[in-house]
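Visitor: First the structure, which I've put down as structure tokens, then a few questions once you've had a look.
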Amino acid sequence: GTTPGTDYVVFAVVLLLSAAVGFYYAWRSRKQGTSRDFLTGGRKLNALAVSMSLTASYMSSVTVLSNPAEVYRYGAIFGYLSISYVLAVVYTSEVFLPVFYRLAINSTYEYLELRFSRATRLLAMVIFFFNALLYTGLVIYAPALALNQGMSARVSNSQICHVLWCLLQGGLKAVVWTDVVQIGIMFAGYMSVIIKCVILKGGISTILSDAQEGGRINFVDFDINPLRRHTFWTLVIGGTFGWSAVYGTYQPQVQRYNSCKTIKHARLALFINVLGLACTLTSSVISGLCLYSFFKNCDPWKAGQVSSPDQLLPYLVMDILADHQGLPGLFFAAVYSASLSTVSTSINAMAAVTMEDLIKPRIKLSEKKLLLISKGLSLFFGIVCVAMAGLASLMGHMMQAVSIIGGVCGGPLLGLFSLGVLCPFVNSKGGLWGLVAGLAAAVSVTIGEIISPSPPEMTRPLSLSTEGCNFSSGGSLNWTTPLPTEPSLYTWQSPSYLYFVVIGGLTAIIVGIIISLLTGKKKRKDFAIGTVISFSYCFITTFCFCSSTHHFRGIEGDGGPEAYANERRHSFLSPV
């Protein structure tokens, strides 16, 4: 068996590699450092390093653990997200990048004051902080969940101390080059699992045929019903809006490509990053199919061996890599690296926003003091993020939680920034009320999802078996079995969680245009454009309502609510 010490050695080497990068950049910039250099890397970074950092900062521990679990439960259709990556990056590089890069701003939200008003900037900043803190809390919680399955969970406590040291010393340059090291470790961790699975199963063809038999190769699903969890349309449309919000408005990502030496490098960094995202998604999908191939006859989650689907991949690692010295350590180092890159990115971004949006406009300080405050802010936000990790344990399945948080916060901001860049007639009142309305719409559908989760026939979880298990799972209900409920015929039906960002974004755009037309100088052309967009929104809303109504009629025709309740009773998976 493995000497546990070997795994800890591998883990420690990863820590030291990352720490070394932070200290190196701190030493290099010890004499000529400004707060701007600390937060933007002095605008001297090249396209390749920034593209890898863009990929690493959003390839979080949630991605490494949750995406394979998502494929395991809902099938490889998840791979359609790769189309949305391309569409989102094209939109970002053509619409947002030229504006942000030429303005040379440290905080994305500076643009909102220049374009709309200070009130709009401050509200957007509050939304950003809410998003960043919750998301970073989830990302810190994920390695604790994984380590709990293998190595000691106490190791996770050293994580933030290390992140803080890295940041306090080197700023954005350290974060970017640490990401470059970490993305290599992440892919090494993924590949160690995939290669071992393929060897044990005697080839990739066995894994694919198992997946085919289990219904996991489910790419042919073009159902336009917006209530369905994963279809071609929800993944491509919802994914495009979601990733456009990330790359077009989310401070950590904008800060990355703004740190490139030229706009050509910035654009190139975005497009190279698409390759990184596609490789990550491919690794996730294959890992998910490997999970199914190994657990098709005995699902550890349903059998109560793990407390969450997000622990399935670490559970598999401890099962198949335990005899290989250091490889479990490499995998857990990969999860840790994914978390480290995202946390360091978020902390650096929050420090930049606080500095540019709250401190600099009000207080005149020397560069030396501003640099010290930047480092102090990084430390403060690091501590707050660790505290937020406690909340993360209450949020359920991590991948969906991340998408919903991103949808609620990112959708309205995407709508607002799009209005600012693409609609010159939209005024400050339109921008502010558009943002408020978009946020209200996104929060409303989220509350609807929490109160009345989507039923199994909309989420379509695929079958999982415990027939081949060698241990008794007991006959009592456990938390994986939903309690029987009698749903009302008029229960709220939530759209796919991937559409939350679409609802928030479109609402912000429509309300922003209407308010601007009502309060500004009306021009026929502007009015015509506004009317067309408003009608489009009304059409989409009506379509969602009709789909929902059609769905209930379908239930009635198939035996009414009683049949629906029976189906819920026999489902082992709680609706997510």
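Cβ atoms are placed via backbone N, Cα and C, with glycine included.
Annotations in TrEMBL come from automatic prediction, not curation.
Relevant sequence annotations retrieved from TrEMBL are reproduced here:
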type: TRANSMEM; residues: 6-27; note: transmembrane segment
type: TRANSMEM; residues: 47-65; note: transmembrane segment
type: TRANSMEM; residues: 77-101; note: transmembrane segment
type: TRANSMEM; residues: 122-142; note: transmembrane segment
type: TRANSMEM; residues: 232-250; note: transmembrane segment
type: TRANSMEM; residues: 270-295; note: transmembrane segment
type: TRANSMEM; residues: 330-355; note: transmembrane segment
type: TRANSMEM; residues: 376-395; note: transmembrane segment
type: TRANSMEM; residues: 401-425; note: transmembrane segment
type: TRANSMEM; residues: 432-451; note: transmembrane segment
type: TRANSMEM; residues: 497-518; note: transmembrane segment
Visitor: Can you tell me which parts of the same chain pack against the transmembrane segment (47-65), counting only residues 6+ beyond its ends and a CB-CB cutoff under 8 A?
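Guide: Distant contacts of the transmembrane segment (47-65): 138-139, 142-143, 145-146, 175-177, 179-180, 182-183, 186, 189-190, 246-247, 252-253, 256-257, 259-260, 265-266, 268-273, 276-277, 280, 284, 310-311, 313-314, 334-336, 338-339, 341-342, 345, 398-399, 402.
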Visitor: Flag the pair the transmembrane segment (232-250) / the transmembrane segment (77-101) as in contact if three or more Cβ pairs fall under 8 Å (sequence separation 6 or more).
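Guide: In this chain the transmembrane segment (232-250) contacts the transmembrane segment (77-101) - 3 or more Cβ pairs sit under 8 Å.
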Visitor: Quick one: find which recorded stretch in 6-27, 122-142, 270-295, 432-451 has the most Cβ pairs under 8 Å with the transmembrane segment (77-101).
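Guide: So the stretch in question is 270-295.
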Visitor: Rank 6-27, 270-295, 432-451, 497-518 by Cβ pairs under 8 Å to the transmembrane segment (122-142) and hand me the top one.
Guide: 432-451
